[in-house]
2 protein chains.
Amino acid sequence: MSAVLVVNSGSSSLKYQLIEMTGEQVLASGLIERIGEDVGVVNHRNVEADPDNPIVSEEPIKNHVDAFAVMLARFAEHGPSMEEHPVLAVGHRVVHGGKRFFEATRITDLVKINIQDLAELAPLHNPANLDGIVAAERAFPSVPHVAIFDTAFHATLPEKAYRYAIDRELADRHRVRRYGFHGTSHQYVSRAAAEFLGKDVTELNQIILHLGNGASATAVRGGESVDTSMGFTPLEGLVMGTRSGDVDPAVLVHLQRVAGLSAADIDTLLNRKSGLLGLAGAADMRDLEARAAEGDEIAITALDVYNHRLRGYVGKYYVDLGRVDTIVFTAGVGENSAPVRARALAGLERLGIKIDPTRNEGRGGPKIISTDDSEVTVLVVPTNEELEIARQTLAAIEG
Amino acid sequence: MSAVLVVNSGSSSLKYQLIEMTGEQVLASGLIERIGEDVGVVNHRNVEADPDNPIVSEEPIKNHVDAFAVMLARFAEHGPSMEEHPVLAVGHRVVHGGKRFFEATRITDLVKINIQDLAELAPLHNPANLDGIVAAERAFPSVPHVAIFDTAFHATLPEKAYRYAIDRELADRHRVRRYGFHGTSHQYVSRAAAEFLGKDVTELNQIILHLGNGASATAVRGGESVDTSMGFTPLEGLVMGTRSGDVDPAVLVHLQRVAGLSAADIDTLLNRKSGLLGLAGAADMRDLEARAAEGDEIAITALDVYNHRLRGYVGKYYVDLGRVDTIVFTAGVGENSAPVRARALAGLERLGIKIDPTRNEGRGGPKIISTDDSEVTVLVVPTNEELEIARQTLAAIEG
Ligand SMILES: Nc1ncnc2c1ncn2[C@@H]1O[C@H](COP(=O)(O)OP(=O)(O)O)[C@@H](O)[C@H]1O
Ligand SMILES: Nc1ncnc2c1ncn2[C@@H]1O[C@H](COP(=O)(O)OP(=O)(O)O)[C@@H](O)[C@H]1O
């Protein structure tokens with residue numbers, strides 16, 4: 001048996017999954033947080049043996065090298081055994097692949113230099129991803145490491161969709177274009193939806209709505225991303241937990257002028273204190289739905305703004321695709337919130353979209369939530385970025 | 001007989017029209033440019049007597065007070081006679097009405113203070129508009145002056161459309177919201193389209209595409225603006241002659257960081273050096289179409305980006321309206337460019353939109369350019385902001 005270790009490293013965190021590829025079974029998963037702080041938190045789950053009881057502990061974790069040492073210690077102590085399930089390869093989530101990386105790529109020194117170079121475009125993410133790679137290479141020196149880029153699925157965007165209407169030369173010099181993110185999820189979900197329907201992904205025009213804490217919409221034609229709502233960074237597009245999504249760029253200039261905010265302040269404001277949090281003081285959709293149910297006007301407005309934006313992207317991509325076969329909801333909100341889904345597609349009978357309220361109830365999937373006579377098939381399909389990363393990792397080392 | 005003088009004053013320019021309201025006839029029109037420069041340029045046309053021969057002259061024009069004196073001198077010398085056509089009222093275009101002005105408003109001292117106060121939101125436009133008002137009041141002291149706001153038609157936007165997903169308190173404190181512009185044009189055109197079709201505007205769901213140097217799209221439900229593409233400022237939305245329209249707000253932060261641009265530089269960049277000009281070095285649609293026809297790839301891409309954005313808004317508003325009765329093209333590009341119109345709505349048969357290529361040929365209107373069996377009636381309707389201003393001016397002083 002042979003497994004792939006999937007790694008997602010943030011600046012102060014490390015998420016991992018060990019996946020047995022024969023049956024695509026998750027053997028273990030974990031989350032190490034507060035790396036670099038006084039006390040780190042380690043959460044390890046032996047999914048194979050004891051899925052309901054994570055082992056939680058606290059201890060100082062200096063850096064990502066330490067984090068991998070702790071991870072290996074948990075595996076050794078609580079299982080599953082890495083001898084029984086030898087790690088065949090490590091798959092790393094990397095946020096920004098720029099224009100260089102269109103697909104899963106075996107990590108070499110040159111690849112690492114390129115990931116570092118792309119830090120200019122993703123200053124928060126790429127350096128942290130690289131820290132994880134370097135630490136993982138030390139922990140697993142004799143297996144191949146593969147980078148899976150969050151931007152790669154959007155490498156197929158046509159120029160009309162990726163080019164902003166700003167000075168061409170300046171944009172090219174500073175690598176300003178729409179890259180799109182959540183690519184691994186959009187790729188996984190678009191394929192999983194096709195499979196669930198017993199269709200060939202190349203024959204479907206799809207709109208994928210990834211609604212989590214971060215949120216993005218993608219138009220997928222015949223399996224290829226042709227437009228997506230996140231742009232140069234993950235800030236653009238839909239209303240998210242703490243991100244504004246679309247906003248008149250002149251608002252930034254205005255706030256710098258009248259409120260005395262710096263460019264860095266604005267960055268923090270729009271990425272961390274906006275979205276649902278900025279609108280209503282809570283980033284979590286469950287909180288807002290509970291408050292809205294009690295008649296809280298602020299929460300109701302926040303949901304209205306969220307929904308209005310979302311519907312706008314459905315329309316935008318409908319026109320782009322000309323004909324839509326499926327609309328797919330995924331991620332935390334998309335998989336679990338029937339009211340969000342119902343509102344997003346209400347009143348669109350003219351576009352051949354009819355939701356069945358009973359089918360739409362409840363959580364999880366994959367399932368169809370449109371009526372039998374709905375021209376567009378609407379689905380809920382749980383995303384699984386880790387599995388997609390593991391699959392692509394395997395393909396990259398076999399290919 | 002009695003006439004309304006329509007005034008549109010910029011920081012260094014003054015545009016005017018004298019309109020006889022009985023038959024809604026333009027009697028005279030003029031443009032005074034380079035106010036405050038060494039040599040000003042005056043262009044006056046006695047439309048009644050000699051429409052094809054404007055009187056052009058050059059002379060220094062210190063300020064807006066001088067400009068009105070020059071204008072009156074041209075009327076006195078070249079006609080039409082203001083004794084035969086006494087000015088009943090002066091209608092002033094004012095760009096920003098904020099949340100205070102929802103309709104044409106008789107100008108008082110308080111109104112002027114409010115227009116000045118709104119300069120924080122429209123620093124380029126409102127002070128210039130106010131200069132024009134003050135000068136016009138001196139030139140026409142005994143008639144009522146009325147302000148017509150470019151934002152007023154969008155006062156009906158619902159909160160879901162006008163609220164950005166940023167910090168609520170900060171937004172409210174600094175008056176950050178979607179205001180929308182080109183309102184006078186959208187209002188005029190939506191009504192003119194209904195009239196042309198012999199329908200009641202309250203019964204129609206319309207998408208108005210105002211495509212000029214500036215460009216904006218508006219969703220009009222039953223005569224009321226319910227969403228519009230320009231936002232806090234006229235920068236947001238469609239690709240324009242020199243404005244970027246939508247862009248990931250993080251691009252601004254990035255360019256400040258890596259290219260060392262100031263907030264003011266960014267403002268200039270996005271408003272004056274972007275759009276078609278930034279993409280292809282020319283802001284004028286005619287230039288781009290000529291170059292594209294010769295196979296110029298840069299021009300073709302610019303038109304693609306322009307068109308892709310435009311189609312996105314058609315889709316967005318289609319979904320917002322749920323059912324669309326008419327789509328109306330107006331302004332310089334919308335009225336004159338058959339290729340832009342054809343591309344904007346190509347391949348949308350699924351949405352009940354079918355353009356008739358023969359009807360679409362040529363310029364001007366009002367005319368229908370969709371096929372008889374197109375569910376959505378597509379029109380070209382020339383805009384006439386001056387006439388709309390004159391009408392609203394008259395209504396305000398009569399009401
Ligand atoms: N039952 C539910 N109803 C509504 N929203 C839910 C529900 N369960 C989870 N969510 C939402 O899912 C979001 C997290 O989604 P997720 O995809 O895990 O985010 P991330 O982008 O962090 O991966 C949370 O903000 C939460 O509001
Ligand atoms: N025949 C034409 N074909 C294409 N574009 C045209 C044509 N005539 C005028 N235009 C375009 O109209 C634009 C000006 O539109 P207009 O509505 O006058 O702009 P403004 O926003 O300045 O009022 C110009 O940029 C020009 O490209």
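Don't overthink the numbers, they just go from 1 along the chain as shown.
Just so you know, glycine gets a Cβ as well, placed from its N, Cα and C.
Applying an 8 A CB threshold to same-chain residues 6+ apart, the list for A:ASP150 (active site, proton donor/acceptor) reads A:ARG93, A:VAL94, A:VAL95, A:HIS96, A:GLY97, A:PHE181, A:HIS182, A:GLY183, A:THR184. For the recorded site, A:ASP150 (active site, proton donor/acceptor), the DSSP three-state label reads coil. The active site, proton donor/acceptor annotation in TrEMBL covers A:ASP150.
Sequence-distant contacts (6 or more apart, same chain, Cβ under 8 Å) of A:GLU385 (Mg(2+) binding site) comprise A:ARG93, A:THR184, A:SER185, A:TYR188. Under the DSSP three-state reduction, A:GLU385 (Mg(2+) binding site) is assigned to helix. What TrEMBL records for A:ASN8, A:GLU385 is Mg(2+) binding site.
Non-local contacts of A:VAL333 (ATP binding site) by the CB criterion (under 8 A, 6+ apart in sequence, same chain) comprise A:LEU211, A:GLY212, A:ALA215, A:MET285, A:VAL340. The feature ATP binding site is assigned by TrEMBL to A:LYS15, A:HIS210, A:LEU211, A:GLY212, A:ASN213, A:GLY214, A:ASP284, A:MET285, A:ARG286, A:GLY332, A:VAL333, A:GLY334, A:GLU335, A:ASN336.
What TrEMBL records for A:ARG93 is substrate binding site.
The annotation site 'Transition state stabilizer' is assigned in TrEMBL to A:HIS182 (among others).
Neighbours of A:ARG243 (site 'Transition state stabilizer'), defined as other CB atoms within 10 A of its CB across all chains, total 31. The annotation site 'Transition state stabilizer' is assigned in TrEMBL to A:ARG243 (among others).
Highlighted here would be the recorded positions (A:ARG93, A:ASP150, A:ASN213, A:ASP284, A:GLU335, A:GLU385) whose C-beta falls below 6 Å from ligand 2, but none qualifies. Listed in sequence order, the binding-site residues among A:LEU211, A:ASN213, A:ARG286 whose CB lies under 6 angstroms from an atom of ligand 1 come out as A:ASN213, A:ARG286. For A:ARG243 (site 'Transition state stabilizer'), the binding-site residues whose C-alpha atoms fall inside a 10 Å radius of its own C-alpha are A:ASN213, out of A:ASN213, A:ASP284, A:ARG286.
The binding-site residues listed here are A:ASN8, A:ASN213; among them, A:ASN8 has the most other Cβ atoms within 10 Å of its own Cβ. Most Cβ neighbours within 10 Å among the recorded positions A:LYS15, A:HIS182: this distinction goes to A:HIS182.
Here the binding residues for ATP are A:LYS15, A:HIS210, A:LEU211, A:GLY212, A:ASN213, A:GLY214, A:ASP284, A:MET285, A:ARG286, A:GLY332, A:VAL333, A:GLY334, A:GLU335, A:ASN336. Their largest Cα to Cα distance works out to 24 Å. A:ARG243 (site 'Transition state stabilizer') carries neither a helix nor a strand DSSP state and counts as coil. All protein chains shown were included, and the count of other CB atoms within 10 Å of the CB of A:ASP284 (ATP binding site) stands at 14.
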